[in-house]
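Worksheet for the structure shown next.
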Amino acid sequence: MSLTKIPQVLLKSSSNQCSMPVIALGTAADTNKNSAETTKVAVIEAIKLGYTHFDTASFYGSEEALGEAIAEALQLGLINSREELFITSKLWLTDNFPHLVLSTLQKSLQRLKLQYLDLYLIHWPISVKPGDWETPYSEELITTFDLKGVWTAMEECQKLGLAKSIGVSNFTCKKLEDLLSFATIPPSVNQVEMNPAWHQKKLREFCEAKGIIITAFSPLGAKGASWGTNEVMDSEILKEIAQAHGRTVAQVSLRRLYEQGVTIAAKSYNKERMKQNLEIFDWSLTKDDHEKINQIKQIRTNNGPVVFFDNLWDGET
């Protein structure tokens, strides 16, 4: 089987100038319906197809299965060393405190059976009182998020070599500006919801100007997930463009992001769709295609892990 060669982007703030593959296999489960075995099998299949970037988080509950898949891939000779892979994980809200960052990362590494992460992200710019609470979190559980203290601890993780690069997720332009005002090591990545039905043009332009790479989660609108939307996969505009190119709606959506300089975390455990999601590098969209996609109705679907999420943003973009 010929492996797809996935392009990479340079993470400027990383140790030793790390390169990150532009497409990752996401491992977030909706209501934990994906078993550990399903995740493990999917990751091994993905490695066979040419995926080298895997996106997890302590909250997903998939770190252990991903770690087992990596160990098995090494044993089977599918990869020669762990260095061939790029592994991203994230710091959850209940651990989003300066004194918990290092120990939380170490727990993630233990579950993954790895010595280091390639990228460690602050999952949301929100802190929740430590505990095993139900999500979405109620207002009384939200507590002060010490961005400066948490980021200083993240920088320490990179200096210690436990994470080769550090970044954030679900940060607005305003939150990024706050962070950049004091960061010694700027964030390499901001992972946010982005797809043809949620363009985030202002954020994309801001990150580009600041040298921050965007990774798009829910790049296909997360159809079928509890927070998802059908606006992408059922879009007549995207269907027409896909037909004109002899491609799928998913491929058009992913290609659009790639042409915008955005990297992608795509979640599918279906072997054929995993394969199709990599077949986006040897063709192009036209200027007319991009203009049509710009007309798609905009809707943010992931309203976050707290009950009153919109109030937290206070109109921020």
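Cβ coordinates come from backbone N, Cα and C, glycine included.
Automatic, uncurated: that is what TrEMBL annotation is.
Annotated domain 'NADP-dependent oxidoreductase' per TrEMBL: 23-296, in sequence order. The annotation active site, proton donor is assigned in TrEMBL to Tyr60. The site 'Lowers pKa of active site Tyr' annotation in TrEMBL covers Lys90. According to TrEMBL, the substrate binding site annotation covers His123.
Features per TrEMBL, on structure.
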residue : record                               : Cβ neighbours (10 Å)
Tyr60   : active site, proton donor            : 22
Lys90   : site 'Lowers pKa of active site Tyr' : 26
His123  : substrate binding site               : 21
Express the distance between the Cα positions of His123 (substrate binding site) and the residue listed as 'active site, proton donor' as a whole number of Å.
11
Distance between Tyr60 (active site, proton donor) and Lys90 (site 'Lowers pKa of active site Tyr') at the Cα atoms, whole Å?
9
What average pLDDT is reported by the model for the domain 'NADP-dependent oxidoreductase' (23-296)?
94
